[in-house]
């Protein structure tokens with residue numbers, strides 16, 4: 001942008017004709033209209049530069065743009081400069097360990113170098129010929145995820161869960177594991193959520209070592225925030241800023257990238273606000289008529305290419321728990337897997353509190369994961385489902401009233417439930433237990449041994465918060481002795 005400002009003769013200058021909240025109308029000379037999605041610079045009275053993005057062109061040499069920050073102090077007649085490019089954000093190693101806003105400006109009081117690479121936030125999705133077509137499992141090292149609802153490399157995962165069930169810790173563990181096991185990096189896009197949550201996440205990341213304060217380039221994550229106090233334009237575009245940073249790591253550095261979007265519903269909500277401000281006719285339930293297109297433009301860029309992959313984990317808020325609401329319904333069409341966090345499991349102290357029966361994945365097919373993995377997962381689910389059905393009888397009559405066969409099912413299900421828990425690396429600080437990464441082969445082996453009855457002699461408490469099955473057996477022997 002600064003380059004454009006230095007070339008005086010080519011400056012394309014217009015003037016504000018109207019300001020309505022975050023919406024600005026500006027008039028330019030005939031034949032000099034900025035393109036759609038171009039960034040416009042406006043200087044406010046106090047000297048701050050406000051960036052707006054062109055949304056509509058009118059036939060009287062007028063454009064309508066949406067501001068990325070507050071428009072306080074703007075008035076008619078103020079100069080508007082067309083930067084002749086979309087919003088450009090910094091990319092690459094310099095972004096690691098840092099916090100950015102929608103415009104790629106740092107908000108952590110540490111300056112970023114001027115020579116950094118920058119890319120526009122509006123880019124085409126990878127072409128069909130560049131896509132990686134063979135489905136591959138993205139191993140996370142988290143037993144419950146890898147066994148029952150495996151993630152697809154370059155796929156999209158919906159993360160469902162209320163407050164206080166462990167979303168943040170699960171997100172941080174995934175960031176940690178992708179860095180260690182895949183040599184990858186992560187980008188976190190905070191879209192329209194609470195500023196306090198963004199601050200807490202940053203502090204927890206520093207505490208757990210995900211962000212290395214003494215050497216920022218050794219950090220494993222870049223953070224981009226457009227929180228709920230921001231104008232709708234910023235909340236609508238912050239997801240694209242985070243995605244652009246992730247694309248650079250995938251396409252140029254050829255890395256596997258994890259992209260977190262918290263919350264994808266707020267992206268839709270911001271788009272709905274902008275749509276209303278621009279005077280578009282609302283669609284079902286008051287959402288924008290372009291809902292499907294906007295969601296598709298974001299989701300289609302999240303994919304595996306021959307260079308690397310972007311695997312996206314998106315927190316999904318379901319308004320009024322209505323899954324048929326157009327916002328979550330449109331999101332579901334793009335998801336490959338869902339990870340549902342259960343308050344009931346969290347109350348039992350089973351972490352990660354991933355619900356083994358509600359979480360799903362399109363990858364759990366014998367052709368993709370192999371018959372051993374598939375059969376083990378189905379048998380685990382069947383055992384847990386039977387245990388769930390028997391819980392009412394146990395609560396009323398007690399376990400002694402069950403048949404011998406059902407008692408065996410309950411015993412194995414309790415072992416499975418506890419074995420699905422796991423100590424996390426990022427939780428070491430407050431649990432005191434060292435974290436464990438369990439590869440898929442050991443995960444399948446462990447659950448098979450429980451299902452086959454090889455471990456019936458051991459107490460179920462030995463399976464709680466352990467890594468692989470050998471650790472559980474060693475713990476069980478210690479308890480017995």
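The backbone N, Cα and C atoms fix where each Cβ goes, glycine too.
Look at Swiss-Prot and you will find 161, 162, 163, 164, 165, 166, 167, 168 tagged as ATP binding site, backed by sequence analysis.
Note on the binding-site residues 163, 165: the fewest other CB atoms within 10 A surround the CB of 163. Taking the centre of the Cβ atoms of 161, 162, 163, 164, 165, 166, 167, 168 as the ATP site, the nearby residues of that chain (Cβ within 8 Å, site residues left out) are 341, 346, 353. Residue 163 (ATP binding site) falls within neither a helix nor a strand when secondary structure is assigned with DSSP, and so counts as coil. Within the same chain, residues at least six positions away from residue 167 (ATP binding site) with a Cβ under 8 Å of its Cβ are 159, 161, 262, 315, 341. Secondary structure at residue 168 (ATP binding site), taken from DSSP and collapsed to helix, strand or coil, is helix. Annotation for residue 168 (ATP binding site): spatial neighbours 197, 200, 201, 204, criterion Cβ-Cβ under 8 Å with sequence separation of six or more. Counting every protein chain shown, the Cβ of residue 166 (ATP binding site) has 20 other Cβ atoms within 10 Å.
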